[in-house]
Amino acid sequence: MKGYLVLSTGDIFEGDWFGSVDDCTGEVVFNTGMTGYQEVLSDPSYAGQIITFTYPLIGNYGINERDYESIKPACKALLVGDLCRQPSHYESGHTLAEIAEKYGIGGLSGIDTRAITHIVRTHGEVYGLLTTDKEKLASFTPQPVTNVVPGVSVKNIEEYGKEAKGPHIVLIDYGYKKSILQSLLDGGCRVTVVPYNITYNQVISIDPDGVFLSNGPGNPKEITPQLGELKKIIESYPTMGICLGHQLISLVYGCDTERLPYGHRGSNHPVKDLRTGKVYLTSQNHGYVVKGDSLANAALELTFINVNDKSVEGVRHKTLPISSVQFHPEAHAGPQDTGYLFTEFIQQCQVTGEKSYA
Ligand SMILES: NC(=O)CC[C@H](N)C(=O)O
């Protein structure tokens, strides 16, 4: 079946439809990873987005039971050059098309993903409609995707690793990737996952040794109503944040965020650890970034920069044990080179001994 993509720029693409047959709209973004489509499509930070894969062949090793980053993928649609419908891998249980259909994700293959990527690179903020009905193309009115965190955050507290001997971590869920939870569990932690709008008093009653702010979709400024509670929480425990969590820590301390000219989404984004001068390849997925000049008089200092565009990739508090990174040390998809940041954080939660800084 033929399907169509119309962009907010007016460009129209025709391709072969796969996945859910319902029309869908979303922000069009591109991911440059050569592998990792399963982790990408199930990363909740892609909620409300249409993902263009720049790597030409997608689906060739199928879909397995282990590599999901969430129970239910939250992205809207997938744009693929060459869709493999006969995957080959010993762990593969399904094709990408089957999984797209199962989870209500739209898909178009056989389209020029390079051209779409070029449009997104040029315009930055691009929205799209996927439909099988050619008649609808002319009437598409793009609408920004907003307020997505409540839809992907847990509704109730969840506990993992209850028998673990290591520190007890509260993971605030803005749409966490399973690999963040897994990294904490692998480090010997007990983890309590809590909803994004958790209060200071609720965290105190859980009595953790550390706090972790997860990744998540959307504009970080949409979480502004939570910043007051968040400040009290993070100033009471050793804290680490990733991606959206990093942006929120920066907003708590009066820094500003903005949209990147176009997002960083892929598995080989180089960042420099300013403490050591070492450069690491990282997994990334973000459309917003902390403004470098807004750090000037803040309580935070820069710890990592992006080697390509010099954007902010990490900060830490000048006196409190609070740090965060824009990239993904939990990897999946992508390299695990910065996994040492989990080790450092877990050690910090152990060394402190005291339950609370307050
Ligand atoms: N992966 C994330 O946490 C993304 C953070 C934020 N939604 C952004 O796009 O910048």
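Cβ coordinates are placed from backbone N, Cα and C, and glycine is handled just like the others.
Nobody curates TrEMBL annotations by hand; they come from automatic prediction.
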Same-site L-glutamine binder from Ser45, Ser70, Ser88, Ser92, given that TrEMBL records Gly216, Gly218, Leu244, Gln247, Asn285, Gly287, Tyr288: Ser45
Between His328 (active site) and Cys243 (active site, nucleophile): CA-CA distance (Å): 7
Residues close to L-glutamine site centre defined by Ser45, Gly216, Gly218, Leu244, Gln247, Asn285, Gly287, Tyr288, Cβ within 8 Å: Asn215, Pro217, Asn219, Pro220, Cys243, His286
Recorded positions whose CB lies under 6 angstroms from ligand 1, from Ser45, Asn285, Glu330: Ser45, Asn285
DSSP-derived structure type at Asn285 (L-glutamine binding site), helix or strand or else coil: strand
Secondary structure content of the domain 'Carbamoyl-phosphate synthase small subunit N-terminal' (1-131), with strand meaning DSSP E or B: 26 helix, 46 strand, 59 coil
Euclidean distance between Cα atoms of Glu330 (active site) and Gly218 (L-glutamine binding site), Å: 20
